[in-house]
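The structure appears right after this line, and notes come after that.
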Amino acid sequence: MIESITSFGTATFGGWWPLVWTLVRAVCIILPLLLCVAYLILWERKLIGWMHVRLGPNRVGPMGLLQPIADVLKLLLKEVMVPSAVSRGMYIIAPLMVLMPAVAIWAVIPFQAEAMVSNINAGLLYVMAISSVGVYGVILAGWASNSKYAFLGAMRASAQMISYEIAMGFALVTVLMVTGSLNLSDIVNSQNRGFFAGHGINILSWNWLPLLPMFGVYFISGVAETNRHPFDVVEGESEIVAGHMIEYSGMAFALFFLAEYINMIVISALTATLFLGGWASPIDAPVLNWIPGFFWLLIKVFLLLSVFIWLRASFPRYRYDQIMRLGWKIFIPLTVGWLVVVAIWLVSPWNIWK
């Protein structure tokens, strides 16, 4: 099918076809992503309601299914008020600087074999680079707002993101060591080889099992990176109201909100790709092989997003010093230690990744 589309596009658009095809694939990711964010918020409210033994949204549409549409319309109709004391240029560009990296990172995430916007060999390096850019938008928002609450939230966010990116980086290096490739498709394919995969039990050959500490560190660090509960001291309502977003309203505020939920989906998709076999089914059986790989990736992402929500419903917010201690004194030594263990494992006779 892809070959037919490529042939038709080349004949129709000529030399412009590569650019047109890239734009089409980008739109095919961005539009469903926006819909996913809307209904992820509904799922979050429904699941937390169920955990709290209440109904959650149930008034707009059947079973509250139109609640996200109502929320979007509400934000679109709200006036974007720019306070007089802000630095206007930085104030306006900050939400875009937070949102753009969250969307750009989807360019290299494989939905199934050869199904991605850009299949670059340095995909893992691209992920590490792009994921670090969002913090600049947060710092700009805090500085430009000319508010002590916004500035304090921005400083917390920058320190927290930098602290946990180190542990996440070490986890990614470990994945690179055992797979020998920076290409995300190669990383998925490498997880579906070996003894257990040869016997049809793919789930036991995925990276989560031999790299279990890295799997836990990467996902928990991802929760901290996205400033989600219990690491949401950046916008701690009882301390600094909304943190770096306090002076934003309407669609400007919605862009920050959108970026947060897109980043949740990004972390879940990357965790599924790097540690949970990506688009592969857990069991190599005829009854499961007919299901498209894209569907398996969606299931894994959905389950990981539900863990995000469960953490919010179950745990109290940590103090800021506890969050810093977890990142610097526990996660970084743990990842460095396991990095050494994996390095020794790779050169030993018991190397399971040969």
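Using N, Cα and C of the backbone, Cβ positions are placed for all residues, glycine too.
Taken verbatim from Swiss-Prot:
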type	residues	note
TRANSMEM	23-43	transmembrane segment
TRANSMEM	91-111	transmembrane segment
TRANSMEM	124-144	transmembrane segment
TRANSMEM	162-182	transmembrane segment
TRANSMEM	203-223	transmembrane segment
TRANSMEM	250-270	transmembrane segment
TRANSMEM	291-311	transmembrane segment
TRANSMEM	330-350	transmembrane segment
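Ranked by Cβ pairs under 8 Å to the transmembrane segment (91-111), the stretches 23-43, 203-223, 250-270, 291-311, 330-350 are led by 250-270. Annotation: stretch 203-223 has the most Cβ pairs under 8 Å to the transmembrane segment (162-182), among 23-43, 124-144, 203-223, 250-270, 330-350. The largest share of C-beta pairs under 8 angstroms with the transmembrane segment (124-144) comes from 250-270, of the ranges 23-43, 250-270, 291-311.
With Cβ pairs under 8 Å as the measure, the transmembrane segment (330-350) is packed most heavily against 203-223, out of 23-43, 203-223, 250-270, 291-311.
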